[in-house]
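Worksheet: the structure to be examined is printed underneath.
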Amino acid sequence: MEESLKPMDAEQLRENAHKMVDFIADYYKSIESFPVLSQVKPGYLRDLLPDSAPDHPESLEDVLEDIRQKIVPGVTHWQSPNYFAYYPSNSSVAGFLGEMISAGFNIVGFNWIASPAATELEVIVLDWLAKMLNLPNQFLSSGQGGGVIQGTASEANLVVLLAARDKFLNRFGKRSLEKLVVYASDQTHAAMKKACQIAGIYPENFRVLNADHTSNYALVPEALSDAISNDLSAGLIPFFLCATVGTTSSAAVDPLSELGKISKVNDMWFHVDAAYAGSACICPEYRHYIDGIEEAASFNMNAHKWFLTNFDCSLLWIKDRSALIQSLSTYPEYLKNKASQENSVVDFKDWQIPLGRRFRSLKLWMVLRLYGLENLQSYIRNHIKLAGQFEQLVCSDSRFEVVVPRTFSLVCFRLLPPPNHQDNGYKLNHSLLDAVNSSGKIFVSHTVLSGKYVIRFAVGAPLTEEEHIKQAWKVFQDQATILLAGSDGSDFGASNGDII
């Protein structure tokens with residue numbers, strides 16, 4: 001007769017966890033040996049795994065070997081020091097240890113009573129971060145506001161939009177939904193458009209305002225004022241503005257002070273999305289980029305991007321938590337308890353879309369305690385310095401140009417097209433990106449700014465050092481030389497750049 005399954009045996013955990021930590025540590029020691037961008041073809045894994053799950057147990061050694069041989073080749077290595085695509089997704093020893101503890105407890109902290117420590121630690125740690133960022137006191141839990149950990153900035157944007165929507169519907173009536181107008185620039189993350197779709201905002205009432213090179217792709221206050229005036233004249237209700245500190249395409253910074261004043265005059269909900277660049281604002285020399293946050297109703301940043309905290313961990317602060325709670329709260333009988341009914345505790349289920357939630361504050365707490373503010377500031381500054389060095393390398397080669405001035409650790413640049421080039425270098429840079437990524441030596445991503453195909457070089461991986469910056473630049477130079485030598489610049493193909 002088979003032994004009964006003991007899925008959480010302490011000694012088995014001890015033995016296997018040691019093996020798993022060794023496996024992960026070995027992965028990090030050898031991470032530079034892998035192509036940064038996975039080189040597999042779509043559907044590669046289907047032929048490598050059985051058609052059905054096993055009937056009987058297999059050994060951990062066999063599973064780990066399959067990970068080495070079958071899974072790792074299909075991994076794009078976000079933690080590689082040669083990863084420069086999108087924006088970073090940081091990991092660290094502290095963050096990893098926090099994830100381990102969270103997985104060990106495996107609580108589902110939807111309300112206070114479900115695990116008091118999970119709720120209370122989150123409140124405390126978000127207050128710590130608010131003070132590190134020098135946010136106004138209204139964002140602290142001691143007043144009417146407070147902070148909460150969401151999964152992603154997309155969730156943060158959605159919940160504050162829902163809170164704002166319901167606040168205005170309560171004021172103007174449920175039938176006024178068709179009149180509510182949302183404002184953002186064309187550089188705002190696409191998550192805002194999705195949030196509007198989910199919130200039922202009429203598509204024609206999502207104002208996407210043009211931001212171009214004349215403002216370094218920041219939202220122009222005059223454009224916002226004009227759009228609001230036109231909508232008011234048409235009998236519509238301007239109610240929500242999303243500004244960005246560190247846009248996805250170019251790390252542009254919207255002018256918060258001026259936008260905040262416009263929002264205040266028009267009694268709008270002003271939200272600031274600093275998913276990427278918010279982390280830099282713990283450094284005094286970068287704090288001015290969120291000057292004007294005083295007028296914001298809500299603010300978010302992703303600790304999992306550039307703050308050494310493993311994914312997922314998006315931080316959201318709000319000045320009036322009652323707006324979130326009124327929009328998102330539910331009180332089924334099976335969740336009622338004395339502490340909640342007496343309003344003596346925070347129930348974070350009412351600050352988010354799902355009911356269940358992980359103990360995410362543990363890893364953030366571990367990062368803050370094991371590294372401290374000074375080390376975190378140095379970490380940010382080093383990446384910005386490395387990006388500055390890469391920018392100088394670009395400027396030193398007359399074949400390239402920096403497309404927008406660098407603000408943080410993102411460099412936007414392109415290879416200049418030969419004279420009389422038909423598409424202004426679009427295909428040329430498309431091909432350069434494809435060649436660089438196909439080499440497996442580095443991974444970068446792209447955007448399009450004012451019709452120009454632009455390569456984004458985002459410094460932020462925890463293991464990246466100066467040598468990796470220099471090596472990456474050599475890859476660009478070598479591939480550019482090959483491209484320019486092989487054609488007159490009039491026709492460049494790109495086999496798979498559209499999906500990179």
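Quick reminder: no glycine exception, Cβ is built from N, Cα and C everywhere.
Pyridoxal 5'-phosphate is bound by ALA153, SER154, THR248 in Swiss-Prot, and the record lists one more residue there from ASN106, ASN302, ASN310, which is ASN302. Per-residue confidence over the region '2 X approximate tandem repeats' (65-176) averages 96 (mean pLDDT, predicted model).
The pyridoxal 5'-phosphate site is defined by ALA153, SER154, THR248, ASN302, and by the 8 Å test on Cβ atoms against their centroid, the other residues of the chain that qualify are THR152, ALA156, ASN157, HIS189, ALA191, ASP273, ALA275, TYR276, ASN300, LYS305, SER314. Residues of the region '2 X approximate tandem repeats' (65-176) grouped by DSSP class, helix first, strand second and coil last, total 69 helix, 6 strand, 37 coil.
The sparsest Cβ neighbourhood within 10 Å, among the listed binding-site residues (ALA153, ASN302), is found at ALA153. The highest number of surrounding Cβ atoms within 10 Å, among the binding-site residues SER154, THR248, is found at THR248.
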